[in-house]
Each structure stands twice: as C-alpha cells, then as structure tokens.
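Colleague: Can you read through this structure? Questions will come right after.
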Amino acid sequence: MNEILFFSPQPLFSHMMNENSRVHTHSNLRHIFFSEIGIGISGNSFLLLFHILKFIHGHRSRLSDLPIGLLSLIHLLMLLVMAFIATDIFISWRGWDDIICKFLVYLYRVLRGLSLCTTSMLSVLQAIILSPRSSCLAKFKRKSLHHISCAILFLSVLYMLIGSQLLVSIIATPNLTTNDFIYVTQSCSILPLSYVMQSMFSTLLVIRDVFLISLMVLSTWYMVALLCRHRKKTQHLQGISLSPKTSPKQRATQTLLMLMSFFVLMTIYDTIVSCSRTMFLNDPTSYNMQIFVVHIYATVSPFVFMSTEKHIVNCLRSV
C-alpha cells in the first residue's frame, strides 16, 4: 500500500506537466495567430483603400489593378470572418447554434475558394500582360480583364455549389463525447457524411484545386521562361560584363512569381493536412497550426503588392 501511495503521484505529476505544456502552447498560438490576423487586416485594408482612391482620382489603372483590389477585399473579409471564428477556437464560448456554425464556416470556405480562384486568374493575367506581341496570348490583352472577371465569377459560383455540402455537415457540437465528429471550433464540428458523398465532394474539390494550381504553375513557368529569354537578349545586346537594369514590369512579375510559388506551397500543405485530419488525425493543436500557416499568404500578400506600387514606395520613403 505504501508503494502504491509513493508511486501514484508520478503519473498525476506527468499528466499535469503535459496539460500545462499544452495550455502554454495553446496560449502562444492564440497570441501569434491574432497578431497575424491583425497585421493582415491592416495590410489588406490599406491596399484596398489605395486602389479605391486610385480609381476615384482617375489615375491610369493597370490590367492587374482590379484583380489585386478584389483579392485584397476577399482577404480582408476572409480574415475578419476567421478572426470571429478564432474566438471560438481559442476562447471556449460554446454558444453558437447550427445556423451560426453553418453560416460562418460556409462563408469562410467560400472566401477561401475565391482567394484561390482570384490568385490563379491573377497569375494567368500577369502571364498575358508579359507576353510579347508575337505570342498567341497577345490577342487576349485587350479582352483579358473581361475574360478573367467572367472566369472568376464562374469558378466562384461553381465552388459555392461544391461547398454546399458544408451546409449539411457542419453542426453545433453536441454535448457528448465521440470520435466521429471532426473538430472545427469549440461550438462547431463536422458530421462525417457517407463514404459515397464524402468521396464525391472530395474528388470535386481536388479536381478544382489541381486545375487552378496547374494554371498557376503553367503561367509561372511561362513567365520565368520569358524573363530568362529577355535577360539573355539584354545581356547579348549590352555585353555580359554589364548587369542590365530590371524594368518595373519585370520587377513586379518577379515579385508576383515569388508570391505565386509561396501560395502554391501553402495550398498543397493545406490540402494534405486537411485530408489527413479527415482520414487519420483529428488533433486540435495540429489544426491550430494549420490555420496559422494557411493565412500567411493573406497576411503577407498586401505588403508584397504594395512594394510594387511606386506611389506607395515613394510616399513611404519621404516619411
């Protein structure tokens, strides 16, 4: 009996240490995530305001201005919705009903889909802008913005239809302990659908992601090839010993290439982790890490786009 009393505190102490470590990690993730959300909301608000003022004052706009302004609006709304959802992830309210859960999660997933569609179309548009006059893409320059806008609208409606299964599967977390539900927030969970329905919707989402990412990869590869060809031609004309200056259009393209590459990696990471959570792992800590990582693009992108705007750069340098 004495041996039992002597050794029994050890598992309890270990459990308390693990629990304290988990709470500490959760608290750190909460502070980091809300800081990320705050920075992203500020950056996208500033970028959106810049494009609105640019339009009101009648400045000459580029073909990419409308998609970039639309992307900043989408990211602003997405981060605002995510900030509201995150309060129920990191702060245990458990006060949402089915309607609130369905509305917020579905709206967030639609905005995520719009972000993917707009980013992909922006990559294609930049490839069209950069294409030389002799290219077969040159004929799309005049009507490219109209085509891109129609494509974004079509893909958005298509994704809203595909994502409508969330209106059925998202429910308020019941007051019972079960491993069948997939964690979303403290108040909301995903009710697993039948194997056939889950496979069908997952296949449609994978097809959509593969199609849009393939467009981004192809347009990125095309832009890299054009930049390399232009650089070789410039070096041949000016001499290899001289380093040719990069034009503003090329600098903007190079910046966009880095941003697109990062976005593709984040999308692939999100897809892999989401599938693993659905099939194998339902761990809230890994889920919190996932939502932090996948929002880096929405947080960083407005500052990257602003770095290519000469008016903003000159204004900041004069301060």
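Numbers here mean position along the shown chain, with the first residue as 1.
Each residue, glycine too, has its Cβ placed from N, Cα and C.
According to Swiss-Prot, the protein carries these features:
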- 1-31: topological domain 'Extracellular' (TOPO_DOM)
- 32-52: transmembrane segment (TRANSMEM)
- 53-65: topological domain 'Cytoplasmic' (TOPO_DOM)
- 66-86: transmembrane segment (TRANSMEM)
- 87-109: topological domain 'Extracellular' (TOPO_DOM)
- CYS101-CYS188: disulfide bond (DISULFID)
- 110-130: transmembrane segment (TRANSMEM)
- 131-150: topological domain 'Cytoplasmic' (TOPO_DOM)
- 151-171: transmembrane segment (TRANSMEM)
- 172-203: topological domain 'Extracellular' (TOPO_DOM)
- ASN175: N-linked glycosylation site (CARBOHYD)
- 204-224: transmembrane segment (TRANSMEM)
- 225-254: topological domain 'Cytoplasmic' (TOPO_DOM)
- 255-275: transmembrane segment (TRANSMEM)
- 276-285: topological domain 'Extracellular' (TOPO_DOM)
- 286-306: transmembrane segment (TRANSMEM)
- 307-319: topological domain 'Cytoplasmic' (TOPO_DOM)
Colleague: Given the cut-off of 8 Å on Cβ pairs that are 6 or more apart in sequence, determine whether the transmembrane segment (110-130) and the transmembrane segment (255-275) share at least 3 such pairs.
Modeller: yes
Colleague: Count up the helix, strand and coil residues in the topological domain 'Cytoplasmic' (53-65) according to DSSP, in that order.
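Modeller: Its residues divide into 5 helix, 0 strand, 8 coil.
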Colleague: What same-chain residues lie close to the topological domain 'Extracellular' (87-109): Cβ under 8 Å, and 6 or more beyond its ends?
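Modeller: Cβ under 8 Å, 6 or more out: 26, 29-30, 33-34, 78, 81, 163-164, 166-167, 170-173, 184-188, 288, 291.
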Colleague: Given the transmembrane segment (66-86), which of the listed stretches 151-171, 204-224, 255-275, 286-306 has the most Cβ pairs that are under 8 Å apart from it?
Modeller: 286-306
Colleague: Who are the chain neighbours of the transmembrane segment (286-306) in space, where the CB to CB distance is under 8 Å and they lie at least 6 residues beyond its ends?
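Modeller: Sequence-remote neighbours of the transmembrane segment (286-306) are 26, 29, 32-33, 36-37, 39-40, 43-44, 46-47, 50, 68, 71-72, 75, 78-79, 82, 86, 89-90, 115, 183, 255, 258-259, 262-263, 266, 269-270, 273-274, 277, 312-313.
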Colleague: Would you mind listing the long-range same-chain contacts of the transmembrane segment (255-275), meaning Cβ under 8 Å and 6+ residues beyond its ends?
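Modeller: Residues 116, 119, 122-123, 126, 202, 206, 209, 213, 216-217, 219-220, 223-224, 286, 290, 293-294, 296-297, 300-301, 304, 307-308.
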Colleague: With every protein chain in view, what's the tally of Cβ atoms within 10 Å of the Cβ of CYS101 (disulfide bond), excluding that atom itself?
Modeller: 23
Colleague: Relative to the Cβ of CYS188 (disulfide bond), which residues of the same chain, six or more apart in sequence, are found under 8 Å away?
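Modeller: Result: ASP88, TRP96, CYS101, LEU104, VAL105, ILE170, ILE171, ALA172, THR173.
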Colleague: On average, what pLDDT score does this prediction assign to the topological domain 'Cytoplasmic' (53-65)?
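Modeller: Summing pLDDT over the topological domain 'Cytoplasmic' (53-65) and dividing by its length gives 78.
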Colleague: So how many of the residues in the topological domain 'Extracellular' (87-109) end up helix, strand or coil by DSSP?
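Modeller: So the counts come to 16 helix, 0 strand, 7 coil.
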